[in-house]
Every structure is written in C-alpha cells, then in structure tokens.
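Engineer: Below: one structure in structure tokens.
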C-alpha cells in the first residue's frame, strides 16, 4: 500500500513540475534567485526529470561559469541520487527485486555490480548515454551500502559535470573549445573503461 501511495505522489509531483517547467527554467535564466534556491531547484530536476539534467548543467555553466555551475550541479545530483536511492529502497525494493528475478540475463550483471559496487557505479556514472535514473534505481534494488553508493556516485559524476558546465559556458564562444572538451572527455572515458576492464578481469 505504501508503495502505491508513494508512486501516486511521485507521479503528481512530476505532472506539476512538467506543467510549470518553462516558468522554472525562466526563473533560472533570470539569475536573480539565491544560490541555495538554485541548488534546490536543481535537486528538483533530479527527482522529477521533466527536463534532461544535462541541459540544466549547461544552463548553470552558462550563467555561473564552469566551476561554480559544475559544483552546483554536482552537489544537486549527488544529493538527489541519494534521495532517490533511499526512496526506492524503502518503498519499492521488495517488488523490484522480485521483478529482476524474472530475468536470468540480469543475474550476471547483478552479481558483477554486487561484487564490485564502487567501481561499477563510478564507471556507470561516467557513461553519457546511460540514463542516470536507471543507475539510481538499479543500485537501490541491490545489496549495496548507502555510503558506497553515495561516494561512488559523487566521484563518478565529477567529469561529466565539468564537461557539460564548460560546454554551457562556452556555448556561444565557438566550437573549438567545445570540441576540445568533448575530445578530452572521450579519451578519459576510454582510458577509464580500459582500466576498469583490466581490474575486473584481474579479480
């Protein structure tokens, strides 16, 4: 019963955020709100993803610069992911584990994550095309400690936050800096993947 109530409340909140998404974005663009409120709004976009958070990171980078924009985004994403993790564990973990048990192909992935939770989550956070909400929910359904999840998530989010905030800051300054940032990020991801793969094979 509590999972149904939580699901209904979450759905209503998403609908409200979706209806007023333009007003919220316009408020961010004005740059008049205090940073604490900007932080809370950014957390809200993590909890209720009516707009891709990459766009929010870019906007914060554009209005506050690469470092401050990335810092606000990183703190908001870290806090928001922990909140989602806790909500899923409290209200949906039992049902979620039962659902995952129906898919044998997920068993190997589940065992890999539970055997190497920290580095698996770090690497998952660095993959641009992997939905971060999926990482939040899937991690909460497994036997992963909150501290391990929170620290790994925070570490893994750093590179992407810096890159998207940098792109946002230099969005209208020409493509050279943007392409350079994307290239460095791609090389970093490749190196990280190779290191992670060798580490898993060594275990």
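Note: Cβ is positioned from N, Cα and C throughout, glycine not excepted.
Okay, these came from TrEMBL:
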DOMAIN    51-169  domain 'VTT'
TRANSMEM  5-21  transmembrane segment
TRANSMEM  33-51  transmembrane segment
TRANSMEM  63-88  transmembrane segment
TRANSMEM  146-166  transmembrane segment
TRANSMEM  178-196  transmembrane segment
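Mind running through what each feature is packed against?
Structural biologist: With helix defined as DSSP H, G or I and strand as E or B, the domain 'VTT' (51-169) counts 101 helix, 0 strand, 18 coil.
If you look at the transmembrane segment (63-88), the same-chain residues 6 or more away from its ends with a CB under 8 A from one of its CBs are 6, 28-29, 31, 35, 38-39, 42-43, 45-47, 53, 56-57, 96, 132-133, 135-137, 139-141, 146, 149-150, 153-154, 157-158, 161-162, 164-166, 168-169.
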Engineer: Checking distant contacts: for the transmembrane segment (178-196), what same-chain residues at least six beyond its ends satisfy Cβ-Cβ under 8 A?
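Structural biologist: Same-chain contacts beyond the flanks: 119, 123, 126-128, 159-160, 163, 166-167, 170-171.
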Engineer: Between 0 and 100, where does the mean pLDDT of the domain 'VTT' (51-169) sit?
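Structural biologist: Reported value for the domain 'VTT' (51-169) is a mean pLDDT of 85.
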